[in-house]
Amino acid sequence: MPGHLLQEEMTSSYTTTTTTITEPPSESLQKTVPLYLEEDIRPEMKEDIYDPSYQDEEGPPPKLEYVWRNIILMALLHLGALYGLVLVPSSKVYTLLWAFVYYVISIEGIGAGVHRLWSHRTYKARLPLRIFLIIANTMAFQNDVYEWARDHRAHHKFSETYADPHDSRRGFFFSHVGWLLVRKHPAVKEKGGKLDMSDLKAEKLVMFQRRYYKPAILLMCFILPTFVPWYFWGEAFVNSLCVSTFLRYTLVLNATWLVNSAAHLYGYRPYDKNIDPRENALVSLGCLGEGFHNYHHAFPYDYSASEYRWHINFTTFFIDCMAALGLAYDRKKVSKAAVLARIKRTGDGSCKSG
(Lines of atoms letter the chains of each structure in order from A and count residues from 1; the text may use other names and numbers.)
(Lines give C-alpha, C1' and ligand atoms only; values in the text may rest on other atoms or scores of the structure.)
Protein backbone atom coordinates (compact mmCIF):
# COMPACT_ATOMS: atom_id res chain seq x y z
CA MET A 1 0.00 0.00 0.00
CA PRO A 2 1.59 3.32 -1.07
CA GLY A 3 0.94 4.82 2.35
CA HIS A 4 3.90 2.84 3.70
CA LEU A 5 6.19 5.11 1.73
CA LEU A 6 4.95 8.19 3.55
CA GLN A 7 5.92 7.12 7.04
CA GLU A 8 9.09 9.17 6.78
CA GLU A 9 9.86 12.07 4.53
CA MET A 10 11.90 10.66 1.62
CA THR A 11 15.08 12.53 1.24
CA SER A 12 32.06 -17.77 -8.82
CA SER A 13 31.84 -21.42 -7.84
CA TYR A 14 28.55 -23.26 -7.24
CA THR A 15 29.82 -25.10 -4.16
CA THR A 16 27.45 -24.95 -1.20
CA THR A 17 29.00 -24.50 2.21
CA THR A 18 27.92 -24.10 5.81
CA THR A 19 29.96 -21.94 8.14
CA THR A 20 29.87 -22.94 11.80
CA ILE A 21 30.28 -20.01 14.14
CA THR A 22 31.96 -20.98 17.38
CA GLU A 23 32.44 -19.15 20.63
CA PRO A 24 35.98 -17.98 21.45
CA PRO A 25 37.50 -20.50 23.90
CA SER A 26 39.61 -18.04 25.85
CA GLU A 27 38.20 -17.04 29.25
CA SER A 28 40.21 -13.83 29.16
CA LEU A 29 38.63 -12.95 25.83
CA GLN A 30 35.17 -13.46 27.30
CA LYS A 31 36.01 -11.05 30.09
CA THR A 32 37.22 -8.29 27.79
CA VAL A 33 34.99 -8.59 24.72
CA PRO A 34 31.43 -7.26 25.16
CA LEU A 35 28.71 -9.91 25.26
CA TYR A 36 27.10 -8.57 22.11
CA LEU A 37 30.30 -9.19 20.09
CA GLU A 38 31.91 -12.27 21.59
CA GLU A 39 30.00 -14.77 19.44
CA ASP A 40 29.98 -12.87 16.16
CA ILE A 41 32.79 -13.53 13.70
CA ARG A 42 31.44 -11.81 10.58
CA PRO A 43 34.13 -9.25 9.79
CA GLU A 44 32.05 -7.84 6.94
CA MET A 45 28.91 -6.94 8.90
CA LYS A 46 28.41 -5.46 12.38
CA GLU A 47 25.48 -3.13 11.80
CA ASP A 48 22.92 -5.61 13.17
CA ILE A 49 24.76 -6.24 16.46
CA TYR A 50 23.19 -4.83 19.62
CA ASP A 51 24.92 -1.74 20.99
CA PRO A 52 24.32 -1.52 24.77
CA SER A 53 26.21 1.75 24.98
CA TYR A 54 23.34 3.66 23.36
CA GLN A 55 20.90 5.19 25.83
CA ASP A 56 17.78 7.28 25.25
CA GLU A 57 18.11 10.97 25.91
CA GLU A 58 16.34 12.19 29.02
CA GLY A 59 13.08 14.04 28.73
CA PRO A 60 9.62 13.36 27.33
CA PRO A 61 9.32 11.81 23.87
CA PRO A 62 8.30 14.14 21.04
CA LYS A 63 4.64 14.46 20.18
CA LEU A 64 3.37 11.85 17.75
CA GLU A 65 2.82 13.10 14.22
CA TYR A 66 0.06 11.04 12.63
CA VAL A 67 0.31 10.16 8.95
CA TRP A 68 -3.39 10.29 8.13
CA ARG A 69 -2.98 8.94 4.63
CA ASN A 70 -1.39 5.79 6.05
CA ILE A 71 -4.09 5.50 8.70
CA ILE A 72 -6.91 5.79 6.16
CA LEU A 73 -5.34 3.42 3.63
CA MET A 74 -4.51 0.84 6.30
CA ALA A 75 -8.08 0.98 7.62
CA LEU A 76 -9.50 0.56 4.11
CA LEU A 77 -7.15 -2.36 3.43
CA HIS A 78 -8.28 -4.18 6.56
CA LEU A 79 -11.94 -3.52 5.76
CA GLY A 80 -11.35 -5.00 2.32
CA ALA A 81 -9.67 -8.00 3.94
CA LEU A 82 -12.65 -8.53 6.25
CA TYR A 83 -14.97 -8.51 3.26
CA GLY A 84 -12.58 -10.93 1.56
CA LEU A 85 -12.96 -13.25 4.54
CA VAL A 86 -16.73 -13.21 3.99
CA LEU A 87 -16.17 -14.07 0.31
CA VAL A 88 -13.87 -17.04 0.97
CA PRO A 89 -16.70 -19.66 0.92
CA SER A 90 -17.91 -18.40 -2.47
CA SER A 91 -14.43 -18.27 -4.02
CA LYS A 92 -13.12 -20.93 -6.38
CA VAL A 93 -10.62 -23.47 -5.04
CA TYR A 94 -8.02 -22.25 -7.54
CA THR A 95 -8.38 -18.73 -6.16
CA LEU A 96 -7.73 -19.90 -2.62
CA LEU A 97 -4.72 -21.94 -3.77
CA TRP A 98 -3.44 -18.93 -5.71
CA ALA A 99 -3.79 -16.70 -2.65
CA PHE A 100 -2.00 -19.28 -0.48
CA VAL A 101 0.92 -19.66 -2.91
CA TYR A 102 1.17 -15.88 -3.23
CA TYR A 103 1.20 -15.65 0.58
CA VAL A 104 4.04 -18.18 0.92
CA ILE A 105 6.15 -16.55 -1.79
CA SER A 106 5.57 -13.11 -0.25
CA ILE A 107 6.60 -14.37 3.18
CA GLU A 108 9.78 -15.84 1.71
CA GLY A 109 10.51 -12.48 0.12
CA ILE A 110 10.58 -11.15 3.67
CA GLY A 111 12.10 -14.05 5.65
CA ALA A 112 14.60 -15.56 3.23
CA GLY A 113 15.05 -12.33 1.29
CA VAL A 114 15.18 -8.97 2.98
CA HIS A 115 15.56 -10.43 6.49
CA ARG A 116 18.09 -13.24 6.43
CA LEU A 117 19.89 -12.39 3.20
CA TRP A 118 19.96 -8.61 2.87
CA SER A 119 19.52 -7.37 6.46
CA HIS A 120 21.75 -9.89 8.23
CA ARG A 121 23.92 -11.39 5.46
CA THR A 122 23.52 -14.84 7.04
CA TYR A 123 24.05 -16.59 3.71
CA LYS A 124 24.90 -15.74 0.13
CA ALA A 125 22.71 -16.18 -2.94
CA ARG A 126 23.40 -16.57 -6.64
CA LEU A 127 21.82 -14.09 -9.04
CA PRO A 128 18.80 -16.28 -10.00
CA LEU A 129 17.84 -16.67 -6.33
CA ARG A 130 18.38 -12.97 -5.64
CA ILE A 131 16.10 -12.09 -8.55
CA PHE A 132 13.41 -14.45 -7.25
CA LEU A 133 13.69 -13.01 -3.74
CA ILE A 134 13.57 -9.39 -4.90
CA ILE A 135 10.39 -10.20 -6.86
CA ALA A 136 8.93 -12.04 -3.87
CA ASN A 137 9.81 -9.11 -1.63
CA THR A 138 8.05 -6.72 -4.00
CA MET A 139 4.97 -8.96 -3.87
CA ALA A 140 4.99 -8.59 -0.07
CA PHE A 141 5.08 -4.74 -0.21
CA GLN A 142 6.63 -3.85 3.14
CA ASN A 143 8.91 -1.07 1.90
CA ASP A 144 11.80 -1.69 -0.45
CA VAL A 145 14.73 -3.88 0.57
CA TYR A 146 17.03 -0.96 1.34
CA GLU A 147 14.60 0.80 3.67
CA TRP A 148 13.41 -2.43 5.32
CA ALA A 149 16.99 -3.56 5.98
CA ARG A 150 18.01 -0.16 7.33
CA ASP A 151 15.08 -0.14 9.77
CA HIS A 152 15.77 -3.74 10.76
CA ARG A 153 19.44 -3.17 11.43
CA ALA A 154 18.48 -0.19 13.59
CA HIS A 155 15.96 -2.43 15.39
CA HIS A 156 18.73 -4.87 16.32
CA LYS A 157 21.46 -2.36 17.07
CA PHE A 158 19.28 -0.07 19.20
CA SER A 159 16.64 -2.56 20.34
CA GLU A 160 14.01 -1.30 22.81
CA THR A 161 15.13 2.33 22.63
CA TYR A 162 13.64 5.33 20.84
CA ALA A 163 16.06 4.59 17.98
CA ASP A 164 14.27 1.25 17.46
CA PRO A 165 11.66 1.89 14.72
CA HIS A 166 9.10 -0.39 16.40
CA ASP A 167 10.15 -0.10 20.04
CA SER A 168 8.06 -2.71 21.90
CA ARG A 169 8.18 -0.66 25.12
CA ARG A 170 5.59 1.60 23.49
CA GLY A 171 2.99 -1.17 23.53
CA PHE A 172 1.60 -3.96 21.39
CA PHE A 173 -0.27 -1.73 18.94
CA PHE A 174 2.68 0.58 18.31
CA SER A 175 5.17 -2.24 17.71
CA HIS A 176 2.62 -4.12 15.57
CA VAL A 177 1.38 -1.42 13.20
CA GLY A 178 1.28 1.93 14.98
CA TRP A 179 4.88 2.73 14.08
CA LEU A 180 3.82 2.78 10.42
CA LEU A 181 1.03 5.27 11.11
CA VAL A 182 3.21 8.03 12.57
CA ARG A 183 6.35 9.89 11.58
CA LYS A 184 9.52 8.23 12.74
CA HIS A 185 11.04 9.25 16.05
CA PRO A 186 13.98 11.66 15.51
CA ALA A 187 16.32 9.09 17.08
CA VAL A 188 15.29 6.51 14.46
CA LYS A 189 16.13 8.94 11.67
CA GLU A 190 19.41 10.00 13.29
CA LYS A 191 20.76 6.55 14.14
CA GLY A 192 19.33 4.85 11.07
CA GLY A 193 20.94 7.47 8.88
CA LYS A 194 24.36 6.70 10.36
CA LEU A 195 24.26 2.95 9.75
CA ASP A 196 26.64 1.55 7.19
CA MET A 197 24.43 0.52 4.26
CA SER A 198 27.23 0.44 1.69
CA ASP A 199 26.68 -3.26 0.99
CA LEU A 200 23.14 -2.61 -0.22
CA LYS A 201 24.02 0.60 -2.02
CA ALA A 202 26.54 -1.43 -4.00
CA GLU A 203 24.00 -4.09 -4.99
CA LYS A 204 22.45 -3.09 -8.31
CA LEU A 205 19.40 -5.33 -7.88
CA VAL A 206 18.48 -3.69 -4.57
CA MET A 207 18.93 -0.20 -5.98
CA PHE A 208 16.93 -1.12 -9.10
CA GLN A 209 14.02 -2.21 -6.91
CA ARG A 210 14.26 0.98 -4.87
CA ARG A 211 14.21 3.15 -8.00
CA TYR A 212 11.13 1.49 -9.51
CA TYR A 213 9.41 0.45 -6.29
CA LYS A 214 6.08 2.26 -6.69
CA PRO A 215 5.13 0.84 -10.11
CA ALA A 216 6.59 -2.54 -9.11
CA ILE A 217 4.42 -2.94 -6.01
CA LEU A 218 1.36 -1.72 -7.89
CA LEU A 219 1.91 -4.53 -10.40
CA MET A 220 3.14 -7.34 -8.12
CA CYS A 221 1.12 -6.72 -4.95
CA PHE A 222 -2.19 -5.55 -6.44
CA ILE A 223 -2.70 -5.93 -10.20
CA LEU A 224 -1.20 -9.39 -10.81
CA PRO A 225 -2.85 -11.24 -7.88
CA THR A 226 -6.21 -9.74 -8.83
CA PHE A 227 -5.91 -10.27 -12.60
CA VAL A 228 -4.85 -13.94 -12.65
CA PRO A 229 -7.93 -15.50 -10.95
CA TRP A 230 -10.32 -13.20 -12.81
CA TYR A 231 -8.79 -13.79 -16.25
CA PHE A 232 -7.62 -17.41 -16.16
CA TRP A 233 -10.40 -19.25 -14.33
CA GLY A 234 -13.27 -16.81 -14.33
CA GLU A 235 -13.28 -15.79 -10.69
CA ALA A 236 -15.59 -12.90 -9.84
CA PHE A 237 -13.61 -9.67 -9.87
CA VAL A 238 -14.66 -8.73 -6.34
CA ASN A 239 -13.47 -12.14 -5.07
CA SER A 240 -10.17 -11.78 -6.89
CA LEU A 241 -9.64 -8.31 -5.44
CA CYS A 242 -10.78 -8.92 -1.88
CA VAL A 243 -9.55 -12.50 -1.35
CA SER A 244 -6.36 -12.96 -3.35
CA THR A 245 -5.24 -9.34 -2.94
CA PHE A 246 -6.67 -7.56 0.11
CA LEU A 247 -7.03 -10.59 2.40
CA ARG A 248 -3.78 -12.20 1.31
CA TYR A 249 -1.81 -8.96 1.64
CA THR A 250 -3.31 -8.19 5.04
CA LEU A 251 -2.39 -11.65 6.33
CA VAL A 252 1.19 -11.25 5.07
CA LEU A 253 1.47 -7.89 6.81
CA ASN A 254 0.08 -9.07 10.14
CA ALA A 255 2.10 -12.28 10.15
CA THR A 256 5.25 -10.20 9.77
CA TRP A 257 4.15 -7.55 12.26
CA LEU A 258 3.57 -10.21 14.93
CA VAL A 259 7.33 -10.75 15.03
CA ASN A 260 7.71 -7.15 16.18
CA SER A 261 4.80 -7.23 18.63
CA ALA A 262 3.85 -10.68 19.96
CA ALA A 263 7.36 -12.13 19.71
CA HIS A 264 8.66 -9.25 21.84
CA LEU A 265 5.99 -9.68 24.51
CA TYR A 266 4.89 -13.32 24.78
CA GLY A 267 7.07 -16.42 25.15
CA TYR A 268 10.23 -17.74 26.75
CA ARG A 269 13.73 -16.29 26.75
CA PRO A 270 15.92 -19.40 26.88
CA TYR A 271 18.99 -17.79 25.31
CA ASP A 272 19.04 -14.32 26.85
CA LYS A 273 16.71 -13.24 29.63
CA ASN A 274 18.11 -9.71 29.52
CA ILE A 275 16.45 -8.82 26.21
CA ASP A 276 12.76 -8.56 25.35
CA PRO A 277 12.49 -10.80 22.23
CA ARG A 278 10.84 -14.17 22.96
CA GLU A 279 10.48 -17.65 21.45
CA ASN A 280 6.96 -17.80 20.01
CA ALA A 281 6.00 -20.90 18.01
CA LEU A 282 2.63 -19.49 16.94
CA VAL A 283 4.34 -16.51 15.34
CA SER A 284 6.68 -18.91 13.56
CA LEU A 285 3.72 -20.78 12.11
CA GLY A 286 2.36 -17.64 10.51
CA CYS A 287 5.62 -16.24 9.17
CA LEU A 288 7.19 -19.60 8.32
CA GLY A 289 10.02 -19.59 10.84
CA GLU A 290 10.66 -16.06 12.09
CA GLY A 291 9.18 -16.48 15.58
CA PHE A 292 12.21 -17.89 17.40
CA HIS A 293 13.03 -14.35 18.26
CA ASN A 294 15.06 -14.68 21.44
CA TYR A 295 17.49 -16.91 19.58
CA HIS A 296 17.53 -14.57 16.59
CA HIS A 297 18.42 -11.52 18.67
CA ALA A 298 21.06 -13.53 20.54
CA PHE A 299 22.54 -14.82 17.27
CA PRO A 300 21.42 -12.53 14.41
CA TYR A 301 24.08 -13.99 12.13
CA ASP A 302 22.60 -17.53 12.11
CA TYR A 303 20.94 -18.22 8.75
CA SER A 304 18.22 -20.42 10.26
CA ALA A 305 17.17 -17.83 12.88
CA SER A 306 16.61 -20.78 15.21
CA GLU A 307 18.59 -23.42 17.05
CA TYR A 308 16.55 -26.22 15.48
CA ARG A 309 16.76 -25.45 11.75
CA TRP A 310 13.64 -27.01 10.13
CA HIS A 311 11.41 -27.12 13.23
CA ILE A 312 8.44 -24.83 12.40
CA ASN A 313 10.85 -23.12 10.04
CA PHE A 314 9.94 -23.46 6.37
CA THR A 315 12.26 -20.57 5.48
CA THR A 316 15.32 -22.52 6.62
CA PHE A 317 14.07 -25.53 4.63
CA PHE A 318 13.71 -23.26 1.59
CA ILE A 319 17.25 -21.88 1.95
CA ASP A 320 18.63 -25.40 2.37
CA CYS A 321 16.81 -26.51 -0.78
CA MET A 322 18.31 -23.56 -2.63
CA ALA A 323 21.73 -24.60 -1.30
CA ALA A 324 21.18 -28.13 -2.63
CA LEU A 325 20.50 -26.57 -6.03
CA GLY A 326 23.66 -24.49 -5.82
CA LEU A 327 21.76 -21.20 -5.52
CA ALA A 328 22.56 -20.48 -1.84
CA TYR A 329 25.90 -20.93 -0.12
CA ASP A 330 28.04 -19.86 2.85
CA ARG A 331 25.18 -20.45 5.27
CA LYS A 332 26.29 -19.35 8.73
CA LYS A 333 25.23 -21.58 11.63
CA VAL A 334 26.15 -21.09 15.27
CA SER A 335 27.80 -24.13 16.85
CA LYS A 336 26.03 -26.17 19.52
CA ALA A 337 28.81 -25.32 21.98
CA ALA A 338 28.26 -21.60 21.52
CA VAL A 339 24.49 -21.98 21.95
CA LEU A 340 24.87 -24.01 25.15
CA ALA A 341 27.38 -21.52 26.53
CA ARG A 342 24.94 -18.66 25.91
CA ILE A 343 22.06 -20.59 27.50
CA LYS A 344 24.14 -21.26 30.59
CA ARG A 345 25.30 -17.67 30.87
CA THR A 346 22.18 -15.62 30.13
CA GLY A 347 19.21 -17.98 29.61
CA ASP A 348 16.03 -17.94 31.70
CA GLY A 349 16.23 -21.68 32.42
CA SER A 350 13.39 -22.66 30.08
CA CYS A 351 15.56 -24.23 27.36
CA LYS A 352 15.63 -28.03 27.01
CA SER A 353 18.62 -27.93 24.64
CA GLY A 354 21.47 -30.31 25.14
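Glycine is treated like the rest: Cβ placed from N, Cα and C.
Copied from Swiss-Prot, the annotated features are:
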type     : residues                               : note
REGION   : 1-28                                   : region 'Disordered'
TOPO_DOM : 1-67                                   : topological domain 'Cytoplasmic'
COMPBIAS : 8-28                                   : compositional bias 'Low complexity'
TOPO_DOM : 114-212                                : topological domain 'Cytoplasmic'
BINDING  : HIS115, HIS120, HIS152, HIS156, HIS296 : Fe cation 1 binding site
MOTIF    : 115-120                                : motif 'Histidine box-1'
MOTIF    : 152-156                                : motif 'Histidine box-2'
BINDING  : HIS155, HIS264, HIS293, HIS297         : Fe cation 2 binding site
TOPO_DOM : 259-354                                : topological domain 'Cytoplasmic'
MOTIF    : 293-297                                : motif 'Histidine box-3'
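Here the features listed in Swiss-Prot are painted onto the structure.
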{"residue": "HIS115", "record": "Fe cation 1 binding site", "Cβ within 10 Å": "26"}
{"residue": "HIS120", "record": "Fe cation 1 binding site", "Cβ within 10 Å": "25"}
{"residue": "HIS152", "record": "Fe cation 1 binding site", "Cβ within 10 Å": "21"}
{"residue": "HIS155", "record": "Fe cation 2 binding site", "Cβ within 10 Å": "25"}
{"residue": "HIS156", "record": "Fe cation 1 binding site", "Cβ within 10 Å": "20"}
{"residue": "HIS264", "record": "Fe cation 2 binding site", "Cβ within 10 Å": "29"}
{"residue": "HIS293", "record": "Fe cation 2 binding site", "Cβ within 10 Å": "26"}
{"residue": "HIS296", "record": "Fe cation 1 binding site", "Cβ within 10 Å": "26"}
{"residue": "HIS297", "record": "Fe cation 2 binding site", "Cβ within 10 Å": "24"}
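Using the Cβ center of HIS155, HIS264, HIS293, HIS297 for Fe cation 2, the list of other same-chain residues with Cβ within 8 Å runs, in sequence order, HIS156, SER159, SER168, VAL259, ASN260, ALA263, ILE275, ASP276, PRO277, ASN294, HIS296.
Cα-Cα distance from HIS115 (Fe cation 1 binding site) to HIS155 (Fe cation 2 binding site): 12 Å (rounded to the nearest whole number). Sequence-distant contacts of the motif 'Histidine box-1' (115-120) (same chain, at least 6 residues past either end, Cβ-Cβ under 8 Å): 45, 48, 130, 133, 145, 148-149, 152-153, 200, 203, 206, 290, 300-301, 303, 305, 315, 319. A 10 Å radius around the C-alpha of HIS156 (Fe cation 1 binding site) takes in these binding-site residues out of HIS264, HIS293, HIS297, in sequence order: HIS297.
Reduced to three states, the DSSP call for HIS120 (Fe cation 1 binding site) is coil. Take the Cα of HIS264 (Fe cation 2 binding site) and measure to each of the binding-site residues HIS120, HIS152, HIS296: the nearest one is HIS296.
Other residues of the same chain near the Fe cation 1 site, with their Cβ within 8 Å of the Cβ centroid of HIS115, HIS120, HIS152, HIS156, HIS296, are ASP48, ARG116, SER119, ARG153, HIS155, PRO300, ALA305. As a whole-number mean, the pLDDT of the motif 'Histidine box-1' (115-120) in this prediction is 98.
Counting residue by residue with DSSP, the topological domain 'Cytoplasmic' (114-212) contains 65 helix, 3 strand, 31 coil.
A distance of 14 Å separates the Cα atom of HIS293 (Fe cation 2 binding site) from that of HIS120 (Fe cation 1 binding site).
Per DSSP, the secondary structure of the topological domain 'Cytoplasmic' (259-354) breaks down as 40 helix, 9 strand, 47 coil.
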